[in-house]
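Database features (TrEMBL):
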- 111: active site, proton donor (ACT_SITE)
- 182: active site, proton acceptor (ACT_SITE)
- 164, 419, 463: (S)-malate binding site (BINDING)
- 254, 255, 278: divalent metal cation binding site (BINDING)
- 88-269: domain 'Malic enzyme N-terminal' (DOMAIN)
- 279-532: domain 'Malic enzyme NAD-binding' (DOMAIN)
């Protein structure tokens, strides 16, 4: 007699096909279902693939150790990038398990700084259809191109036009490496299911002659179109995304040219569920580092003077978020603006300069001061407590500049945020050496721990991976349609609060990289809670337990059994439920 089975409680696998509809060969050839030597002998026999694999059965943990050992044998960074990229196309679960187990070792090769090198050579290394290319020639038919993407349940899109890849300039279609890398981090740390993520490159041409004229360049060999035609194309793209995937699909803008990035953010942020990671994500991770540094010193934000080396997307994004933070701390906006100084390629941003050199984003921060060109002279005049580099000008934090910061502050706060490593304003060694070990330092690229005068300094990497996966998970989980700037302030505060006293004692301004998943989850909880309070969430009914609600949204990188446990008569009934349940409310 048929015995009624308890309901399956596993909401986290992200399975997209009915298991019985996938044959053995389909599983072996699919990155989503391939387990390689982790298929048991019984599973191989049931699937008709017995004999197609060596007789040994390995656990996923053994597979992770073997692939990590292979990774270590490779000498070149680009070779490691390609090794991990190939693994992600061969065995998706194993790839994410490897990132989970060895986050600090693998992250530099999945994303920054190696992704910059990969983008410079992307026309040579492109092998798999990892994302969608929409070209300017598709204007008028963008929605048709989006229809070609095989997945319909897309929740997160990362899009670039390659206009300003890291600090490397306009790389055109080669910029696809950036969205591919960001999407990987969305799943690895934000636990957004892989099939719900889509990297897109909008190929509108390239204005860098050396890139465009390279014989094997894979993009359109034309310069970028006039601004009116370009804007029409982006408008069509945004409308097509909503038509194909819905209003709740999150669109993350990535590595657009400065003017385009600000223009699109202002144009679309009230119409679509979108944000710009270079402006807002970098701002949030930078502010989190500042909050942590002020905790180390034992002071507050109100008494700080911040000088930016650079006045592009990252600098102005952080400056804007600082104004919101100042206001939340009880400082009026006019007073907050007086505490923030920008220096660009023309020197300090002051009102006496020609309006041709001051766009609207810089003008609000222009000071009524005499023009000052050199960074060192700016430091002497302003006496900043915090020096932030976001200029992609390597070596701009000179020995003199760092020593001046130390002379005016007992504990100077130095952030060199530019990527990749070759574009960093200074190295960790230079920062600690020239400040005599007194500074609190964070960088955009990773630097190893440094011994100085008998003390080990742990360099903090201000990596956007601390912010955008959690924001994306929270936004998509509660279906926010428009993202207010306060969400990034909440994300920054949440991230800073995750630094333990032990982290701060070691000089870490961020949690260790192996806690990225934890950081993303806690940020997502803060985002969902805020969305409910402000009536931004469109998910009804509202969950009574946000933590349990989010746990049932996330992707769990694990091998699925060929026969689901609840269909297996040989498995103990209690074991069935336990295997299928992830911290549900009844089990807590």
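Each residue, glycine too, has its Cβ placed from N, Cα and C.
Keep in mind the model is a prediction, meaning the values are calculated, not measured.
The structure, with features from TrEMBL marked on it.
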| residue | record | Cβ neighbours (10 Å) |
| --- | --- | --- |
| 111 | active site, proton donor | 24 |
| 164 | (S)-malate binding site | 24 |
| 182 | active site, proton acceptor | 27 |
| 254 | divalent metal cation binding site | 26 |
| 255 | divalent metal cation binding site | 27 |
| 278 | divalent metal cation binding site | 25 |
| 419 | (S)-malate binding site | 26 |
| 463 | (S)-malate binding site | 26 |
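The recorded positions shown are 111, 182, 254, 255, 278; of these, the one with its CA atom nearest the CA of residue 164 ((S)-malate binding site) is 255. Same-chain residues with CB within 8 A of the center of the 254, 255, 278 CB atoms, the divalent metal cation site residues themselves not counted, are 160, 164, 165, 178, 253, 256, 261, 276, 277, 313. Here the C-alpha separation of residue 278 (divalent metal cation binding site) and residue 463 ((S)-malate binding site) works out to 11 Å. For the pair formed by residue 463 ((S)-malate binding site) and residue 255 (divalent metal cation binding site), distance between Cα atoms is given as 15 Å, rounded to the nearest Å. Mean predicted confidence for the domain 'Malic enzyme N-terminal' (88-269): the pLDDT average there is 95. Between the CA atoms of residue 254 (divalent metal cation binding site) and the residue listed as 'active site, proton acceptor' there is a gap of 9 Å. Rounded to the nearest whole angstrom, the C-alpha distance between the residue listed as 'active site, proton donor' and the residue listed as 'active site, proton acceptor' is 8. Between the alpha carbons (Cα) of residue 255 (divalent metal cation binding site) and residue 182 (active site, proton acceptor) lies a span of roughly 11 Å.
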